Amino acid sequence: EYEAWIPPFIFTALSRSLFTPPCPENPFHSLTNCFLPQESGSIYLQFTCSTAMQLDVVFEVLEEFDWTSFSVVATRHHGYEDFLAMVEALTDGSFIGWEKKGVVMLNVSDDPGGTRASRLLKENEAQVRLLYCSQEEAALIFKAAWASGQAGHSHMWFAVGPALSGLGLEGLPKALFAVRPQGWRDEPRRRIAKGVSVLIHGAMALRKEYGWARGPHYFAGNCQTDGNQTQRVPDRIRFFSNITLSGRDYSFNSDGYLSNPVLDVISYTEGKGWEEVGTWQNGVLDLIIQPFSRYGSFLKPLDDTQHLKVVTLEERPFVIVEPADPGTNSCIRDSVPCRLPLNTTNVPVDEKSSKHCCKGFCIDVLKRLAKIVGFSYDLYLVTNGRHGKRGSDGQWNGMVGEVVYKRADMAIGSLTVNKERSEVVEFSVPFVETGISVMVSRSNGTVSPSAFLEPYSPAVWVMMFVMCLSVVAVTVFIFEFFSPVGYNRSLQSAKKTGGSKFTIGKSIWLLWALVFNNSVPVENPRGTTSKIMVLVWAFFAVIFLASYTANLAAFMIQEEYIDTVSGLSDKKFQQPTEQYPPLRFGTVPNGSTEENIRSNYANMHNFMIRNNQKGVEEAIDNLKTGKLDAFIYDAAVLNYMARKDEGCKVMTIGSGKVFATTGYGIALHKNTRWKRPVDLALLQLVGDDEIDMLERLWLSGICHNDKIEVMSSKLDIDNMAGVFYMLLVAMGLSLLVFAWEHLVYWKIRHCLGRSGGMDFLLALSREKGLGASTHHRLCLGSTVQKVGPRTSFLKVT
């Protein structure tokens with residue numbers, strides 16, 4: 001029913017699609033190859049994708065698989081110059097680190113036997129090839145690749161360009177990728193139906209704009225002779241810029257390609273044919289296979305002996321794990337993809353498919369080993385432990401367990417060589433010297449508010465002012481009370497009213513004044529024995545104060561120093577409870593450090609279990625906050641963390657002193673053929689100073705253990721804060737004493753004045769007179785009378 005008003009230019013294109021000789025019965029064949037060449041002024045709509053868009057998808061696949069090194073194989077097929085320019089534009093200036101290992105230009109028409117093509121392909125060492133040519137040339141190039149051994153699983157081929165959309169199933173390389181529009185499996189009849197639907201929607205849009213009333217004759221004319229046909233193309237193409245079929249967008253851009261295509265990344269697998277391995281939509285690549293798996297089931301053969309599964313563990317600076325770059329969703333230069341294992345059950349689902357990038361000292365060593373020895377690898381992170389430890393059930397965990405149970409061919413990282421691990425895995429020669437070291441917090445000179453009390457332990461303070469002072473005060477009082485020449489004996493024998501009494505309170509006040517050289521008025525005892533006792537106390541106070549003063553400076557003005565230890569057998573580690581305060585130290589479990597301590601120092605291991613840390617970062621935080629006194633761990637890691645610490649607030653004792661010296665090694669299977677090549681490669685890296693260069697790059701820092709600047713500074717408020725706090729507390733207590741003093745003076749002392757029962761504790765002063773109106777009655781049942789007008793005493797009845 002639309003035939004009457006369909007414009008001639010649309011009807012002509014529709015006729016071509018319907019009456020062109022049918023394409024071969026190949027689902028991978030594009031209709032583009034069946035169309036006649038595009039004529040000037042005509043609209044050429046294509047469901048396939050442009051070469052530029054194919055290259056965008058191909059380079060995203062290369063980023064996902066970390067195939068940053070590639071070469072270009074091309075012929076002088078139409079558009080090859082544009083193709084090479086596009087590749088150059090994508091690689092130049094990119095921070096991904098693309099390495100184009102040359103452009104191989106082939107002329108297969110002049111090389112019938114493929115001898116020259118085979119030689120050129122073999123001379124190019126890149127394992128990834130981007131191919132641009134015609135379909136007929138591709139068959140000859142693949143034949144030459146098979147002849148030169150370049151078509152096996154070790155070489156990846158990417159077919160780029162619309163001319164290669166019709167590749168069949170014969171003679172293809174074993175590792176071949178291509179990018180096709182979604183629906184590449186559809187039959188030609190279905191594709192034609194889709195094209196008709198697009199044309200009809202465009203015609204409807206055109207008719208809607210120009211109106212139905214004008215009729216079909218409005219669009220009549222000869223498009224082939226119309227001089228303005230070229231200028232009409234932009235006007236006509238806009239009717240196809242907003243088309244939706246079955247919920248999908250089929251809008252076309254000015255070049256005749258889909259504006260938002262859904263593309264499939266397909267791969268050829270021998271015996272299975274073409275399979276979908278990913279989808280690209282709205283600029284986002286979604287791989288069906290595990291991200292960053294260098295080889296999948298569609299590529300990896302059973303006999304691929306040059307590909308290794310390598311396990312590692314994050315531990316700065318040897319292995320640093322970071323998320324992929326958010327802008328490109330790929331790893332930046334000098335980092336390699338690393339994944340979580342596919343069979344993990346204790347990892348959240350969203351993390352299993354998250355992309356990680358690994359870099360660091362050990363990663364650079366791994367990349368150099370792969371280049372020297374000649375192997376490819378699939379790097380993944382261990383999740384079921386740490387470095388590796390034998391459990392109570394005899395099973396190994398961590399990186400060592402991955403190698404023992406053959407889930408990995410190699411383990412690289414901060415993996416220490418020890419006897420127990422060497423029994424189950426084969427270690428390479430050590431490439432980093434390490435051992436056990438101790439990290440402590442560097443004092444910055446600040447003190448706690450209670451620093452003025454720290455020269456003595458709490459037990460000494462309690463013993464001094466609760467036990468000793470009280471006991472000596474009671475002793476002095478007893479000697480004075482029973483002394484024949486003492487205050488109390490004299491008063492008792494003379495039977496006089498008035499005079500002084502030496503009480504327990506006065507005795508404590510006297511001893512307290514002697515300790516602190518207080519100049520307050522005190523009453524000295526008269527008895528000889530009590531005087532000798534006071535002299536002994538004074539000598540004791542001199543020794544006490546001298547010791548306190550000598551140690552006070554060390555606690556009030558702290559320099560940047562730390563006590564060194566002689567080794568793990570030091571008394572501070574072996575008998576921590578005998579120190580005051582006990583040394584709080586720990587390590588990270590499931591590592592060689594804990595195993596070494598557990599095997600050689602059982603008591604030390606039992607004590608430090610309570611202070612074990614989850615990781616190095618947590619331990620450093622606890623050292624800085626004072627929750628931990630010492631952290632025992634791998635020397636290489638601790639030295640790096642001490643050099644890189646912000647503010648240089650932590651340090652390793654003894655300028656990086658190492659105990660139980662050993663080294664880092666690469667763990668391999670027992671009796672593996674990789675042992676000797678890896679050892680020779682490591683020795684070559686050491687001999688060429690490559691290891692030293694990597695150490696300077698990754699293990700150096702600005703903080704130095706042996707550089708401790710000693711300088712004098714004025715006492716700050718932080719140094720004296722505790723003394724001021726004590727003064728404030730004393731002022732508060734003085735208010736309470738002031739209230740108690742008034743209570744005793746005005747109320748209680750008149751009730752105790754004549755009883756005599758508290759004479760040994762209190763000395764009540766006598767007053768010469770009281771007004772009758774003031775103290776007419778002091779206590780219940782008592783009256784106060786004046787004995788005489790001039791007497792100075794009171795008679796209490």
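Cβ from N, Cα, C; glycine included.
TrEMBL: automatically predicted annotations, no manual curation.
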Checklist entry - THR416, ARG421, SER592, THR593 bind L-glutamate in TrEMBL, but which of ASP334, ASP364, ASP634, ASP645 does that record place at the same site? => result ASP634
Next on the checklist: Identify the disulfide partner of CYS703 as annotated in TrEMBL; candidates are CYS648, CYS751.
Outcome noted: CYS648
Item to check | SER592 (L-glutamate binding site) CB neighbourhood, other CB atoms within 10 A | outcome: 27
Next on the checklist: Using only C-alpha positions, which one of ARG390, CYS648, CYS703 is spatially nearest THR593 (L-glutamate binding site)? These are the recorded positions in the record.
Outcome noted: ARG390
Item to check | In three-state DSSP terms, the structure that ARG390 (site 'Interaction with the cone snail toxin Con-ikot-ikot') belongs to | outcome: strand
Next on the checklist: Counting across all protein chains present, how many other Cβ atoms fall within 10 Å of the Cβ of ARG421 (L-glutamate binding site)?
Outcome noted: 26
Checklist outcome for this item: Cα of ARG390 (site 'Interaction with the cone snail toxin Con-ikot-ikot') to Cα of ARG421 (L-glutamate binding site), in Å and rounded, measures 9
Checklist outcome for this item: In the three-state DSSP scheme, CYS703 (disulfide bond) belongs to coil
Item to check | Residues close to L-glutamate site centre defined by THR416, ARG421, SER592, THR593, ASP634, Cβ within 8 Å | outcome: HIS387, LEU415, VAL417, ASN418, THR434, GLY591, GLU595, ASN596, THR662
